[in-house]
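As given in TrEMBL:
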- ASP301: active site, proton acceptor (ACT_SITE)
- GLY181, ARG245, GLY246, GLY270, ASN271, GLY272, THR273: ATP binding site (BINDING)
- ASN271: Mg(2+) binding site (BINDING)
- THR299, ILE300, ASP301, MET344, GLY345, ARG346, GLU400, TYR452, MET453, ILE454, ARG455: substrate binding site (BINDING)
- 174-476: domain 'Phosphofructokinase' (DOMAIN)
- GLY272: site 'Important for substrate specificity' (SITE)
Amino acid sequence: MAFASSINGVCLISLGQYGLQLRGDHPLFSSNHSKLRRFQRRIPTGYRIKDVRAVIFKPEVDFKDPDWKMHFQEDFNKRFNLPHLRDILDVQPRPTTFSLKSRSPLDDGNGAPKDVWNGYVNDDDRALLKVIKFSSPHSAGAECIDPDCSWVEQWVHRAGPRKQIYYEPEEVKAGIVTCGGLCPGLNDVIRQIVFTLEKYGVTKIIGIPFGYRGFFDEGLLEIPLSRQVVQNINLHGGSLLGVSRGGGNISDIIDSIQARGINMLFVLGGNGTHAGANAIHNECRKRKMKVSVIGVPKTIDNDILLMDKTFGFDTAVEEAQRAINSAYIEAHSAYHGVGLVKLMGRSSGFIAMHASLSSGQIDVCLIPEVPFTLEGPNGVLQHLEHLLKTKGNAVICIAEGAGQELLEKSNATDASGNVVLSDIGVHIQQQIKRHFKEIGVPADVKYIDPTYMIRACRANASDAILCTVLGQNAVHGAFAGFSGITTGICNTHYVYLPIPEVITSSRCVDPNSRMWHRCLTSTGQPDFH
């Protein structure tokens, strides 16, 4: 059997279907990234991965070569090397102005810090991307590179402030843009970016209104930002800057960046937004512009590759408890009551899985990564019969992208190019009512969709902390001279990752993972396939 360096539980996406709608002639879309590869049990190259979405990251590796580990690590290090201003420009560093030993930026007038502080991150600091050594490819959630599951260290760059910076703070004009849909924590990230920029000594900070649209819509004016402006925005949900899906031509956006004099751009968004940020970064490099483009991963669905979690996810899981509890009370209070809750998750079921685990009230959890049938002896409806007969009620949690193969496909798309999903929640509700009517058993079905209530919430304590660190690290990365990177958390450590490595695919629940197995143990549901 051949093996791939695969990340179990990820699924490929079409970059053109998320966030920024780039023009088709842009180099970004001349690559294989623009092709949507759906869930497959057999990867075309011959690597068999059972019941899991997977993406192959590796170059071709000859495992018979005694030095294959070295070659693999060399390729990994090359791919995860962070793009830097030095790659295209003759720029020299200067001592940082950032320190926590003074209220104001440090500088003695000659560009040197006044004192020594040990709170800086060395450029050679690394964090391990993977920390579990699997002994067998058959272990739950195993991610193996070769048939023997050999241990190969994969190091990524640690995030944080550096001793040397590549911008004069007084010459910086920083721009912040929030793209895609709403997500708890957007204001928290904006706030921390502004705070940290001012700590370096930056005074020119602006917000770009309504996503990428704000770059080219002449009716939208940039928003001046300062500590006074953003001081209390974290107390509210939404985005101070506004959001929008889709966008314009990359060249037009770069022209706008040049005209505004922006040399640091902080982009908050998901896979598609990051694809746009990477295209902006590439065009800036092509024009030899001294601009750092830094991404901050935002998605309620928690579907950004390689990261432990993204901001907004914890809040979404917590808020989903309200809907689940309401569904439980409705079901428990009715004769043969069935509560049905639909949560977010177009291609990944992390919210539904974690909400089901945390509530302890869910009898059936349905996610996009695990196919299911409604009819037949192994179907969901038959299990509901069993639940009503044995306990008198049932509660179902379903992700919005689950069971789409059961519905009539739509060719409609939203502003981001996403296919508009059919409402699986309504379909399941109707099918439950029909089924129990046909067998002559009363069933009281209550359907709850809390999607927009969850999106508009302010961040909870856990997400607020995550947003704080991500916002600060984004600024540190820009001053360190990096560009085309995003900041995230991997194995509890904060790191910088090249944007191309996180937009190649969308992270999904691994049906062979321990977490999904824990969810099944909690719900007690059988295999519905």
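A Cβ is built for glycine as well, from the same backbone N, Cα and C atoms used for every other residue.
Note: TrEMBL annotation is automatic and uncurated.
This prediction places the mean pLDDT of the domain 'Phosphofructokinase' (174-476) at 93. ARG245 (ATP binding site) and GLY345 (substrate binding site) have their C-alpha atoms 17 Å apart, to the nearest angstrom. Note: the Cα of GLY246 (ATP binding site) and the Cα of ARG455 (substrate binding site) are spaced 19 Å from each other. Fewest Cβ neighbours within 10 Å among the binding-site residues GLY181, GLY246, GLY270, GLY272, GLY345: that distinction goes to GLY246. If you measure from the Cα atom of ASN271 (ATP binding site) to that of the residue listed as 'active site, proton acceptor', you get 11 Å. Ranking the recorded positions ASP301, GLU400 by other CB atoms within 10 A of the CB puts GLU400 at the bottom. Annotated pair THR299 (substrate binding site) and GLY270 (ATP binding site), C-alpha to C-alpha distance, rounded: 5 Å. Taking the Cβ of ASN271 (ATP binding site) as centre and 10 Å as the limit, one finds 27 other Cβ atoms among all the protein chains shown.
Comparing CA positions across the binding-site residues GLY181, GLY270, THR273, the one lying closest to GLU400 (substrate binding site) turns out to be GLY181. Scoring each of the binding-site residues (ARG245, ARG455) by how many neighbouring Cβ atoms lie within 10 Å, the top position goes to ARG245.
Each of the binding-site residues THR273, MET453 was scored by the other Cβ atoms within 10 Å of its Cβ; the lowest score goes to MET453. Rounded to a whole number, the distance between the Cα atoms of GLY345 (substrate binding site) and GLY181 (ATP binding site) is 13 Å. Looking at GLY272 (ATP binding site) and the residue listed as 'active site, proton acceptor', their Cα atoms lie 13 Å from each other. Around the Cβ of THR299 (substrate binding site), the number of neighbouring Cβ atoms within 10 Å comes to 30.
Here the Cα atom of THR273 (ATP binding site) is found 17 Å from that of GLY345 (substrate binding site). Taking CA atoms as the reference points, MET453 (substrate binding site) and the residue listed as 'active site, proton acceptor' are 15 Å apart.
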